[in-house]
Amino acid sequence: MGNKINPNGFRLGITKGWNSRWYAGKKQYSQLLKEDEKIRKLVSQKLAAAGIARIEIERAGQQVNVIISAAKPGIVIGKGGESIKQLRGEIERLVSAGTVAVNVAEIPNPNISAPLVALRIAEQIERRFAFRRAMKQAAQRVMESGARGVKVILSGRLGGAEQARTEKVLEGRVPLHTLRADIDYGTARAETTYGSLGIKVLVFNGEVIGGKTETLARPPRKSDERRREDGERPSRRRPTARRRPGGE
């Protein structure tokens with residue numbers, strides 16, 4: 001089941017929270033759900049250059065609070081706050097009732113944000129980058145930024161092939177069944193001349209123990225440190241062949 005289920009939904013209520021936080025009756029539920037989808041679509045299209053990783057919506061009474069997690073919050077706010085005021089007005093036209101408040105949260109390390117990594121790979125593929133190179137470079141950047149592991153999955157007509165297939169790149173460790181594992185999950189779609197390519201990214205940042213994420217990193221061995229300082233590669237000795245009794 002680890003490969004078949006959404007990692008965010010699998011850990012919902014344990015290490016992950018809800019993107020929409022409100023309560024409604026049977027008559028209003030479908031209407032508010034449609035409004036949330038329209039708000040997310042508007043923000044994602046209008047602020048694509050800001051690197052939007054997550055859009056959270058809270059409703060309490062007549063108040064609607066939209067929290068945007070972005071890699072470049074300056075683009076969301078705009079000069080003198082003009083962009084965010086314009087965005088608030090457009091969201092108010094989508095909401096049936098209530099006042100709208102828009103808050104912006106900055107992502108401290110965009111390189112380990114799975115949605116942003118997936119979007120970056122999609123942009124490179126649409127610019128005709130080699131898909132294997134884009135996947136490997138993205139995985140290396142994630143590991144260099146302090147993640148414990150990353151898995152990149154690309155599916156579709158890769159390289160214009162007649163038959164669709166799936167390519168995977170795995171660096172480090174990415175547990176799928178550990179519920180306390182802090183795994184960030186993101187998807188994106190690359191539109192090419194041969195069709196659409198689906199991109200999935202899973203980033204493992206450590207394990208959540210006592211409400212805090214612990215990296216559980218292994219300390220480097222002394223032999224490894226000496227090899228790094230000397231710049232020598234570890235020698236690989238071949239096992240010596242043992243002669244059997246009675247043999248030549």
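Each Cβ is built from the backbone N, Cα and C atoms, and glycine gets one as well.
Feature annotations, courtesy of Swiss-Prot:
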DOMAIN    39-108  domain 'KH type-2'
REGION    212-248  region 'Disordered'
COMPBIAS  221-234  compositional bias 'Basic and acidic residues'
COMPBIAS  235-248  compositional bias 'Basic residues'
Residue distribution over DSSP helix, strand and coil in the domain 'KH type-2' (39-108): 32 helix, 25 strand, 13 coil
For the domain 'KH type-2' (39-108), mean pLDDT (0 to 100): 92
